[in-house]
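Undergrad: Under the heading thiamine diphosphate binding site, Swiss-Prot lists GLU57. The FAD binding site annotation in Swiss-Prot covers ARG159, 265-286, 308-327 and rests on similarity to another entry. According to Swiss-Prot, the region 'Thiamine pyrophosphate binding' annotation covers 395-475. Taken from Swiss-Prot, the feature Mg(2+) binding site applies to ASP446, ASN473.
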Amino acid sequence: MKKIKLEKPTSGSQLVLQTLKELGVEIIFGYPGGAMLPLYDAIHNFEGIQHILARHEQGATHEAEGYAKSSGKVGVVVVTSGPGATNAVTGIADAYLDSVPLLVFTGQVGPLSIGKDAFQEADTVGITAPITKYNYQIRETADIPRIVTEAYYLARTGRPGPVEIDLPKDVSTLEVTEINDPSLNLPHYHESEKATDEQLQELLTELSVSKKPVIIAGGGINYSGSVDIFRAFVEKYQIPVVSTLLGLGTLPISHELQLGMAGMHGSYAANMALVEADYIINLGSRFDDRVVSNPAKVAKNAVVAHIDIDAAELGKIVKTDIPILSDLKAALSRLLQLNKVRTDFNDWIKTVTKNKEKAPFTYEPQNHDIRPQETIKLIGEYTQGDAIIVTDVGQHQMWVAQYYPYKNARQLITSGGMGTMGFGIPAAIGAKLAQPNKNVIVFVGDGGFQMTNQELALLNGYGIAIKVVLINNHSLGMVRQWQESFYEERRSQSVFDVEPNFQLLAEAYGIKHVKLDNPKTLADDLKIITEDEPMLIEVLISKSEHVLPMIPAGLHSDEMIGLHFTDENEEVDNA
């Protein structure tokens, strides 16, 4: 391998930072420890990269996720060996399922101690292998620039994902006078494939004979930077669209062809479109079970086309008639260039529009309890649907998906595939650092809040003005809902008998606390959401709230419960 001489002796830790800076990294999220002391010593006087000191390694990884999801850049994490690395595993797994580009540096004991059960040693490479796109253990200091450059490239290209670098302490300490050539040399790695004209023409030909097509808009549209092209394609052919959770914002909720989120807690119009369609075009979605519910019953009478950058996703869940392995942006760009095929979906559009009107998301205002749906709807109005919205996981996540009026790309930052409680607050911190001029609002339940609330310490420490909307029902709401619906109301360990005083907790972190419990003054009280300072807005809601409508596990998209039809003569299941 070609060697490159350095101007002066340089430590492994300095090489890490210099390489990251050359790659354009501006922020690192981390937490120090023994095996990473050499790197943190180098960080002390290093200029050009800001280090954000998390309060827990899980917090650091979620902060990096929020930063990456909001900006499209690679999120960088630095944690120590052993418990530092294992604490980061949840965030790494979350990033893996949601295709988030992360570069995670984990400390490791010295090379001579590896495999000998040394203090704070863990087989981090083995632990993270199933939940990373690739991982490395650096054994030679001169190899640091090459591996860091390669890992960064792998994290952000193809299907994005987390890449882990295990960095033994001795390797980061040693000084070298020359390095291995860091130029990329990955002859067997294909960044992405591009669809052929023949494949795309087949997709369009099927569209020309279709009468009831629908597009599933997935997170891949966001990740590939394809939102504008996607919208142009939808407009050109006038195809109704259903969104996955991670696909919200790819087409504005207000658009006449947007049917809303599909799946377990999706809209009636979206789910019925999947049932009635004769042609399903999946763009950048995994056919996740939370979207299609019962894969065996999906598209029984429909032709399925699926464009995805990952060959493993094509045909994995749902039988696919037109599988297209391709970078989505390239495929959509070419679809717009090809000669337009003749289509007529007017009758179909009338049908899906009627379904939107027939059973919209709705709720009954109450005089004694605040409705969470109304809280979210009002915040949507006050922010004009333009805020960066972050959620934790649970009932509030689904209400926010249903009721916030999304209109922008990368607007919703949430944990999709893994459904990680504790994601919300740190992810919002990362999103605000990526988009400092945006109003960043995080919705969190009282369960998820108590998992990572220590990250609130960063708000005043770094001047991060996020708004935390705590939807407090004194329970693990989604768990309780399932117990009440499917386990004969046995609320086993899902109700909090004792909770902290959230006002005192907010004051301990030096942030404003507002408690809202009066539905009559809610509209005025929530105007505080537009203020530019960190705050905790605690909204008290009833323990009896359920997220509806819902497709019970294993049932089909047309077997929803809890629907409310505008026509009183329609059959309603309020189970």
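Even glycines carry a Cβ here, placed using N, Cα and C.
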Undergrad: Within 10 Å of each Cβ, count the other Cβ atoms, then let me know which of the binding-site residues GLU57, ASP327 comes out lowest.
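TA: Candidates: the binding-site residues GLU57, ASP327. Fewest Cβ atoms within 10 Å: ASP327.
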Undergrad: I'm checking region-level scores; what's the whole-number mean pLDDT for the region 'Thiamine pyrophosphate binding' (395-475)?
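TA: That stretch averages a pLDDT of 98.
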Undergrad: Write out how many residues of the region 'Thiamine pyrophosphate binding' (395-475) are helix, how many strand and how many coil, based on DSSP.
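TA: Across the region 'Thiamine pyrophosphate binding' (395-475), the residues distribute as 36 helix, 15 strand, 30 coil.
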Undergrad: Out of the binding-site residues GLU57, GLU276, ILE309, GLY315, ASP321, give me the one sitting nearest to ASN473 (Mg(2+) binding site) by CA distance.
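TA: So, of the listed binding-site residues, the one sitting closest to ASN473 (Mg(2+) binding site) is GLU57.
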Undergrad: Sequence gap of 6 or more, Cβ distance under 8 Å: name the residues on the same chain that satisfy this around ASP321 (FAD binding site), in order along the sequence.
TA: GLU206, VAL303, VAL304, ALA305
Undergrad: Taking the Cα atoms as reference points, how far is GLU276 (FAD binding site) from ASP446 (Mg(2+) binding site) in Å?
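TA: That comes out at 39 Å between the alpha carbons.
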Undergrad: In whole Å, how far is ASP446 (Mg(2+) binding site) from ASN282 (FAD binding site) when you measure between their Cα atoms?
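TA: ASP446 (Mg(2+) binding site) has its Cα 35 Å from the Cα of ASN282 (FAD binding site).
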Undergrad: Rank aside, I only need the closest one: which of the binding-site residues ALA270, ILE309, GLY315, ASP327, ASP446 has its C-alpha nearest to that of the residue listed as 'thiamine diphosphate binding site'?
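TA: Checking each of ALA270, ILE309, GLY315, ASP327, ASP446 against the residue listed as 'thiamine diphosphate binding site', the shortest Cα distance is to ASP446.
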Undergrad: Of GLU276, ILE309, which of the binding-site residues has the most Cβ neighbours inside 10 Å?
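TA: Per the Cβ count within 10 Å, the most buried is ILE309.
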Undergrad: Including all protein chains shown, what's the count of other C-beta atoms within 10 A of the C-beta of ALA270 (FAD binding site)?
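TA: By my count, 26.
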Undergrad: Which one is it: of the binding-site residues ASN282, ASN473, which Cβ has the fewest other Cβ atoms within 10 Å in this structure?
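TA: Among the binding-site residues ASN282, ASN473, the sparsest Cβ neighbourhood within 10 Å belongs to ASN473.
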